[in-house]
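Novice: To start, I am sharing the structure in question, which I have written as structure tokens.
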């Protein structure tokens, strides 16, 4: 009986297994017949399906080489394990149609990946490597033959990295704060990681004790760095990714503060503080709210040459009328002085003067016979005018203030109400620039004010008919009788003999072409100091006689037009397609020339002459304060004295900095004085000078020319790969381009600078590089890349993995973009 029951049970089980097998077999046959088209079926047979001898996406697995959560910036990898339907390993070297797509969910940014078949015992594993820079949630889709693998898509969260002090900033930053004694002031700090991610998920945001604040008083004891008594508290808000530093000072005076994270100063963490009493604060508020009226302070003027805040001085610079326009530095006070003296008078004792502060200017005047005003100095109320705070003067024991605008020699003043004077100036400055000194806030203020300037002028269309074959001449002719109102209108460009209607395309093309016609060296209006097409352009001091100065006015108006169009936003945004020298940009905003401009503008001259003078003893050199000027045939044309009696004044170790700055003034500014004046005349017709003055020369370039984004596709299309084995060309180069595609614009600029010596491309992009960007297969393995900047060559060794390429390239461009690894 027992055997009978057991036999029945075995038969039933066998029957059920048989039925299951038949159902599975039927399902595979139906799937084979209905769902597999000819292309996907390939050489598979129904027998393969019956045996499960085919690649099945649902049987494959994905394993991750990291544990969640993980920080951005690292080389990440996961593995796709391929299996037949029957569970046997599927050889990955066979074509399987593996597709991996990784994208940021919120930003919709695709991440480049590399695939590599691992030579494991079963050879059924594909390693997928990638790098992410932006924190957030990512979707990872893995497909085989169009079907998702296992549980694909997968979702992974990458957290921001640790706080990087150089990326962390104060919101609404000011170089000088005006506070009230005993009243708290809160500073908003935005912690960022290396890739500018907010640290909302980072432990560093909760590490509030890592933020420190050091304050010392400015004055006679500044060298001793005396600490000041103050109260400080730090809190954080993880939702807004901000840290709040609450500061209270209990003593009046001028101080210097520095905010640090883990003993490293943050990006804009250094600033001055003026602390006023309640009564002084009310006086300053009343001064600033008084519109259009100059507030004056009694002071004593010391000899500017005694000022120690600057190591060098320049001869008097007489501003031309075009540099004064329009209505910025010279306003309501113009009528009250018969003349203006720019040369500081040699005084043995302090001179009693009066300092006037208005919304637009800060002026120093002397009164003759107590009734006749005589203007001694005028400074614009703009970020370029810097104050230095010193201790009491030796004569009257009054607090001292040094004013330096980078144009005139610094002026040293002592004043009983110095702190009120400085606070009035600072508050007026803050009103002038829109309440913040950060670049983006200044851009927003600039564009808002520029729209206000042209608000009453209609932005209706005006037709501009030009010839493509004589673009510059026809454009000059078409705009010859244009008023400022016409330049403010929306240009509708019509190219002769072309029927295209201008819905924006012809206008943008005209801006592109006219910028090239004006600022390319072939027009001879602008020139380079070196023969390299990567060099910056500067007004040409040797322009042909037929190129009239009116053309520089036209160039200035064009730049002003681009700035105005960009202020309108949207489709009107228009960048200036040019790469100007730093010294030319500095002259646009009225800055004084400095020998350091040679380093970027004329690097060959800087290396050959400037560095030689800086690094050598001048006692045995027969060098004088004069410059030899040669003609085109190389013969000496004339000798130009850099100062009165310069041909008889030797250059010594004591005055060589003074000599180099005079040389910069002559070579970079004096030789192109007329060209710059006419350029400014055209520019200031559309853009007031006081608006441009809120930027420095680097910010001005960003405002006019943009960031100059580097296009990876353009890079890849024009880069030339030289030499190399199969491993180098097929694997290392694939890893290299994947790493390059993952780099930020800042990192791409560093890579470009590492290889070419410049962080910017010519207007034509990589195609315009001469010689072309070359990637040379270096005869080394697993070492740092090197570069030959003179030949635009990147020497790339061989590597064993994507992670190694990423690590070595990152190290090279971060540590060596200014010399490390460069040849």
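Backbone N, Cα and C atoms are what each Cβ position is placed from, and that goes for glycine too.
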Novice: For the feature region 'Disordered' as recorded in Swiss-Prot, pick the matching range from 253-283, 284-314, 315-345.
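Specialist: Based on what Swiss-Prot states, region 'Disordered' spans 315-345.
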Novice: I'd like to know the mean pLDDT over the region 'Interaction with SOCS2' (483-789).
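Specialist: Residues in the region 'Interaction with SOCS2' (483-789) carry a mean pLDDT of 87 in this prediction.
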Novice: If I restrict to non-local contacts, at least six residues apart, and a C-beta distance under 8 angstroms, what lies near residue 790 (active site, glycyl thioester intermediate) in its own chain?
Specialist: 757
Novice: List the helix, strand and coil residue totals of the repeat 'Filamin' (64-158) as derived from DSSP.
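Specialist: Once the DSSP states are binned, the repeat 'Filamin' (64-158) shows 0 helix, 51 strand, 44 coil.
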